[in-house]
Amino acid sequence: MSSLLVWCALLQTLLLVTLRLGDCAIAVDANRTSALEEARLQRENLVRKYLKRLKKEEGALKLVGGRGDFEGNVEIFHAGKWGAICDDEWDQAEAEVVCRQLGFPGHVKPTHTGHFGRAKRKFWMDNLWCGGKEAELTDCRFDGWGANDCESGEAAGVICKQHDTDTTTTSKPVPVELKVPKERFGQRLELRLVGGRVEGEGRVEVRIVDGPGGAGPWGSVCGDSWGLLEGNVVCRQLNLGYANNAVQTDFFSDEADGKELPERILLSGTECYGNESTLADCLHDPIGWDTVAACSERKGHVAAVTCVPAMADLVFDHVEMEQSLHLEDRLMYLLQCAMEENCVATQAYEIQRDNPNWHLETRRLLKFTARVVNMGTADFRPHIPKHLWEWHLCHMHYHSMEVFATFDVIDGQGRKVAEGHKASFCLEDNQCLPGVEPRYACANYGDQGISVNCSDIYRHNIDCQWVDISELDFGEYTMRVAINPEFKVPEMRFDNNAATCRLLYTQTYARVFDCKHERP
């Protein structure tokens, strides 16, 4: 009996030891698991911290105001702060660089005039010029960090192609743009200007006249992408002349009278060609009778316009271009001044960088005279104040406009294969009709502009009055010259500001023909 008790005691002791060893093993496994989990979390935090820091490195980009990370106004990080980019000379080449830098397969289109809302930060970049193959936006040429004369409504943006998220297929095309198509308003719209100091100014309010319940309530128009094209349509519909200014603002509110802006935004995404008779004829984001339109800006930031009875109207003289266009091969040694103003193709700068005898190389230039006539009822004046004009040492005078004209050569697929780049322009009365005295001159810091019935002429022998076509193959193309292409200066109409011509380029000569006027 005693031996049995001893055996029982030994078994009990052995069982207790086994249980304790098991507990220890479980504890060791638990500790090991927690240690691994802690290490994993530390790695995640480190990666997250590193990625966060990467986003705030010099030259980093981000898109703001869009519906997703693939679209929005472009902001760039410099000197520890985010800043906006001005839309002067902003086109497909810059958009392509931005989208590739952000990791997207390419761009759908560049956007202008604060398409995704007004710029809320300082402008870091202005007059950007990219070739399209740069790795980062900071590799492009621009005026210098913070050097700009832009307003908050001139924010540049992009819509990028989205990645293919379907892993089962390899050839799925990238969607062109995931936006609901704009449409014309089905009902008749009544317009009025509210909050202005005089009859021809104020915020734009609209209402449906023939809706299901009769005339509907008054509502505002979203200020997104609102510009002179839309403003001209409003002034025309109200018989108030022409739009002198079309802004996105809450300046014309009725707060002084104890009234607030209407809560209802009736129209958004308004897009006019410029020759429509009424605002209802323009394109808008789809909206129903009882629906409030989406607007990216803050409450009260709505479309407004100022109308005037007299206005300038510029017309490009394509006959002068046809008669003066010719080829010239010029040594790069003689193009140094023009190269400082980005007036030659990107390949020329690569030659200058890589070839020690670059100054002996030649560039083929397509040169022509650009004559612009003011056929309106008021003088054409630059929108930049005189104290912001830039002195250009090459031309030895002040330039009052950054983008007054663009020169593009386009192939059969609609791709821009060459372009003329003029950094700035000086406007003056070079030639006037009999009886009209010239009033504007560039010399001696004079006032700049184009008087009624006078012409500003940039002759073919002036630097940058050309397109660098050195890398262009012989063949037929389309040449397009546009005046006031960004609609920054008001005019009566814009459908005579551009000339589109057929271009024949051979080994010995070039000529343009079949020109027609159209909108930029």
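Using the three backbone atoms N, Cα and C, a Cβ is placed for every residue, glycine included.
Among C86, C99, C130, C140, the cysteine that TrEMBL records as disulfide-bonded to C150 is C86. Out of C130, C140, C160, the record in TrEMBL bonds C99 through a disulfide to C160. Here C130 is paired by TrEMBL through a disulfide bond, and of C140, C222 its partner is C140. Residue counts for the domain 'SRCR' (61-161) by DSSP state, with H, G and I taken as helix and E and B as strand, are 16 helix, 34 strand, 51 coil. A separation of roughly 14 Å, to the nearest angstrom, links the Cα atoms of C86 (disulfide bond) and C130 (disulfide bond).
In terms of C-alpha distance, the listed disulfide-bonded residues C130, C140, C150 place C130 closest to C160 (disulfide bond).
Under 8 Å, Cβ to Cβ, and six or more positions away along its own chain, C150 (disulfide bond) finds C86, D87, D88, A119, F123, D126. A simple Cβ count within 10 Å picks out one of the disulfide-bonded residues C140, C282 as the most packed, and that one is C282.
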